[in-house]
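Student: Structure incoming, see below.
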C-alpha cells in the first residue's frame, strides 16, 4: 500500500492525519532505531535481536542507509574523563541521602538548572566607521617586543597579543593587576605591614601557605556569574580556612590520611596538578602583565620584592629552567653569520631563538664523571678522543646528541644504515665495516670498555648486514659485503692456515664450529639416552626449528646459512656482476663458511649454480691476455682466473671425500688442475704474484684430493711437469739472498708441490695391499686400488733428497733459513713417509734399503744434529711453546664465541709456535723422520740417543708438563695440536731408547710424566696418539724404574720413620678380614708386577673411542683410502678427562646408578669386578706414590669422591680383601696434613653435580651394607670436619642418627686429628640441639661411636660454659649444665 508524502502548504493537522493512516495500516517502518553503545562508558548494548519490537504508539522517523551518528571530524576517540567514574564516599554518609544526591531522574535535572547571570556583562557596540568592511591593519603599525615566556610565539602571535592588550580599556588591566599584585601582600602580611614579612624562600611548612592563601586554588566558580561566582568561591574558601585554623596539626594530618585513603589516587593526582597549574598560571600572568607603562606605577618597591620572593618560592625549578633558556637566547646581531639588510623583505625583526643552531659549536670538554663517554668514530673507523677539537669541514659534526663532539656513535651509524638515502646507507655500512676490522685487529682494546663486536652482534649487526645484502642498490650491496667480510673473515687466520698447510698433519684442521657450552648443557639434558647418530639427527632438527636469531646467537655462520645467504651471494656473482673488490670479498666469505663444517660444505655444493658460476667465471681456462699487462686496471673479475676462487674450491674439498669427488667430476675441476699446474706461473697471462698464488692453490687442491686417494691418475699425465719442477727447486738457493716478495710465494708453491708428492706416495704405498684384498674372496666392502703403483713414485726420491741436502747447508744463515724452512720441513716429511711406505713394498730389496737408511743417518742426519744452529733451534722450543707460555694463545680481546677466530692476544710474533722463527715444524718433521728410520732399522736407535740428552729439549719437556695447559679455544687447539706432535715423537724415541740404552733410566721419570700429562691433553683427532701412549708408554715398566730400584722398600722405610706426616697414620681395620694387613711397599710391589693387567683393564674401558680411533689411525698411518674428511672432529675438550686414572671406578658407578634410575635390578656387573677395581686402585696407588705431581690437577675432594664409588658399587664389594687394602692405603695418602689442608668440599667438583647428594647416598649405603666397617666409617667421618658445610653434619645427626650405633671407628685407627672436628667451637644452635639430644637420649655413646661422641661432648660443653647467664641463650642453657658434667671425658 502506498502512502502519499506531505506536500508544501499542508498544515499540522494534515501531518497528524498521515500519521494515523500509517499506524492504522500496521505497515513496517522503512528504518529501525538502533542505539549504539557509549564508547566512553565501555558498556555493551543489546543487539537488535534482543531489543523488543517497536510499539505502534511510538512516533519513529528514521532513514535507510544513513548512519545514526554523524561521523567524527577527527580520527581520535572522544576525550575520556579520568575521574568521571570516581565517586567519593565518606564513612558517615547516609546511603539514602547519597542516592538522592545522585538521582538522575529528569525532575532532578530540571530542578538543578541554574541560568547564567549576564546582568553584569559589559555589552560593547562596534565602533561605527564609514568603510563597508572593518579596517585592516598592518603588523608594522603595532609595537611588539620579544618576551621570554614559557613558550615560543611567532611574530604574528606576538603582534596580535600586543594589539588585544592595547585595545583593552586602560582601567581594567590596572585594577586587575593591582588586585593580583596586592594578593601577595595580604597573604604575607594581613595587617598591611610588609616590612615584618620574612623573606625565606624555603617551603618546609606547607601549612602556612594554605592558611595565608586568600584565593582558592581548585574552586573557581565559573558558570555561576561573574560576581556571585567569585563571592561564592571566596566564601567556601574562607570557611575552609576557618575550619583548618580551628584544628590542630595532628588533627589535620589525621584527616588528610583519612581523605587520601578514601579518595581515588587518580583524583588526588588531578587535584594536585590543578593546584600547581594555577600557581604557574598566576606567575605567568604576572610576567606577561608586568610592563613598565602599566604596572610599575601600581606596585611599590617592597611589593615587587615580595612578588619576586613568592615566585621563587612557588616555582623555583621552573624559574631555573627559564633562566637557562634566557641564557641560551642571548644572541646579538654580531653572532649572526649573515648580517640582515634593510632591503630584505620581512627581515626587520630577527628571531634569534630560531637562529640559535647557526651559532659556532662550543669547544668539546671532558666530562668530570666516572662514567665512560660514548665512543665516536671517524669515517675511516678510527676512534676519536673525547677531547679532540676537529674542524667542521671534515664532515664529522652533526645535529645529534653531543653536537660539539665530532664523529658518529654506533647507534647513529645503525640509524643511518636504514636511511632512505642511498649515500647514507652506503656510508654507514662502510664505516661500520672499518670499525669492525679495526676492532678485530685490537686497536680499541686499550681505549674502550667492553667489546665492540659483542655489542654490535647483540644489537643485531649480523642481520643488519644480511638485510642490506638484499638491497637493490649496488653500492649498498658492496658495502654490506665488505662489512660482512670484516666481521667473519680474518686475514691473519687465512695466512697462518696456509702457512701450516705443509706441516706434519697440517692439511687437517679443526672446523670453525663455536664451542657453545650453554647450548650443549641444554641439549645434554634432552639427549642423555640417545645414541650418537640420534643425537646428531636430533640436533639438526632442533636447529631447523629454532629462529634464525637464536641460532646466530650461538653460531653466526649457521645462522647465516639458515637465511640462505649462499643463494644471495650466488645471485650477486651471477646477475649483479660486481666490481673485483666485491667479488674477492664474497669468495673470502664463502671460504670462511666452507671452513665451518662438512654440513656447510654440503650446503654450498647443493646451492644451485653457485659452484658452476665460480668455476665458469673465475676459473676459466682462457681469458683476455691484456690482464697481464703492467698497469692494467681490472674493472671486472668475471672471465679471469682468480687464486681466491681456487682456494675456495680447495677448502670446500677439505670438507669430505664426496665433496672432492663432486668437484673433480661434476664441476670439471680436473681440467682446471691440469691447466694451472702444467703451465709455469711465468707463462700464465696474469700478474706475477696472482699467477704464483693461483698455481700454489692448484697444487694444494690436488694435494687434498690425493689425501683421499683421488686425482692420482693426473700424476701419470703430469709426471714430466713434476720432474721439471723438482729439478728447478735447487735454483731457489741462488735467489734466496734477494729480498724479493715473490721468493716467499715461490717457496710456498714448492712446499705445496712436495706436500702433493707426500700424499701421492702414501696412496701408492697401499696399492699392493688393496690389490691383494681385491683379489681375495673376503666379504665386505671392496675398495678399488689406486691408479698408480709404487714404481711410478719411487723415482722422485733422489731429487728430493738431493735438494734437501743443499738446503740443510744454509741452516746457519738465519734470514735465508727462515724463508727456506717450510720447504725443508716438507722434505723431511716426504722422506719419512717414503721410507715407511717403502718398507712395506715386497719388491724392495731389504739389504739395500737398510744400507740406504744407514747412509742417510751417517751422511745427513748425524752431522745435522751436531751443528750449533740445531742446538739453537732446540733452545727456542721453550720460548716458542704454547704450553710453556699459556698467555700466548689466549683469545684476543674482541673474540666472540659465535664467530670462530684463531686470533690471540698480542698476535703471533716471530717467537711463537706459528711464528717465522718457530722451530716446531722443522723439529717435528725431523723427529718424524727419525721415528720412521728407527722403526725400520732397530740398529740405528743408539745413533740418535744424543737427541734426548739435548738440554734445550729436556728443559722444554720439564717445563711443559708442569705448567697448566691453556684453556681449550679454537686458537689454542689449533696450535697445541702441532706442539703435541713434537712431544709424541720425542716420547716414541724415548720408548725405543728405554729398551736398548742402559743409561736411559735417568730420563725415564721425566718422559713418563710428560706421557701422563699428554694423555690428559690430547685433543679430538689424535686418538691414535693416545692409544699408542696407553699401549707402549704409560704402563711400560721401563718408565717406572722405581719398581726395580727399591721403590717399595723406600715406601716402607718412609712409613716406619713417619716421613711427611705429623703422626703415624694407622690404617683402619676391616669388618671381614682380621689378619694383618700388607705394608704399602708390598702393595706397590704387587701393583708394579700387575702393570700388563692394568694396561689391559684401561684399554678395555676406552673401547667406546674405537670409531674415533679408526678414523685417527687412517690419518696418521697414511691410509688415504679410508679418510673421509680433512676436517677434524669438533673440539669440546680433551679426549680423556683429567681424572682418567679413576675411569674404571667412575664407569662402574655410572652403570649402577643408571640401572637403579631405570628401576632395574643390577645383576650384570662384570665377572672380574674385583679384579677391575683392584687394578684401578693399584694404578692410582702407583701414581700417588711415584708420580704424585701427575695427579695434582685433580682436587683431593674429587679423588675422595671417586673412591666413594667403591662403597656405592656392588653391595659389599669394599669388604673384598685386596680392594679393602688398597683403598685403606690410598686413604692414608689423602689423610696426610697437606692433603687435608687442601681438601675443599664446598667448591664445585668436576664430574659431580653435588657432593651433598653423593654424601647422602653414602650415608644410606652405610646404613644398609656397612657391617660397621671402620674403613667405610672413616669415609663417612671425613666430610664432618668443622670447616666444611654444617648441612653435612646435620644430615648425620638429624636425618641418619641410626648410623651412630654402627659408626664404631676406634680413635686409634682414625687417621684425622680430632682438632679438625672440635675447633673452632660450634655456633649452629640447631646442630648443638641435635648434639645434646643424641647425648641425653643415649643415641650417641662412647662405645658405639667414639669419634663423634668426643666431638659432640666437646662442642656441647664449650657452648654451655661459654654462655653468659644474663643472656637469653645463657638462660636457656641453665637447664643443661647439671647434666653436662656427665659428658666430660
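Residue 1 is the first one shown; counting continues down the chain.
Placement of Cβ uses the backbone N, Cα and C atoms for every residue, glycine included.
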Student: Region 'Disordered' per TrEMBL sits at which of 12-34, 35-57?
Tutor: 35-57
Student: According to TrEMBL, which stretch among 481-514, 515-548, 549-582 corresponds to the feature region 'Disordered'?
Tutor: 515-548
Student: Looking only at the domain 'RPAP1 C-terminal' (374-439), what are its DSSP counts of helix, strand and coil residues?
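Tutor: Counts, helix then strand then coil: 29 helix, 5 strand, 32 coil.
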Student: Is it possible to list how many residues within the domain 'RPAP1 N-terminal' (234-275) are helical, extended or coil according to DSSP?
Tutor: 37 helix, 0 strand, 5 coil
Student: Taking all residues of the domain 'RPAP1 C-terminal' (374-439) together, what is their mean pLDDT?
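Tutor: Per the prediction, mean pLDDT sits at 89 for the domain 'RPAP1 C-terminal' (374-439).
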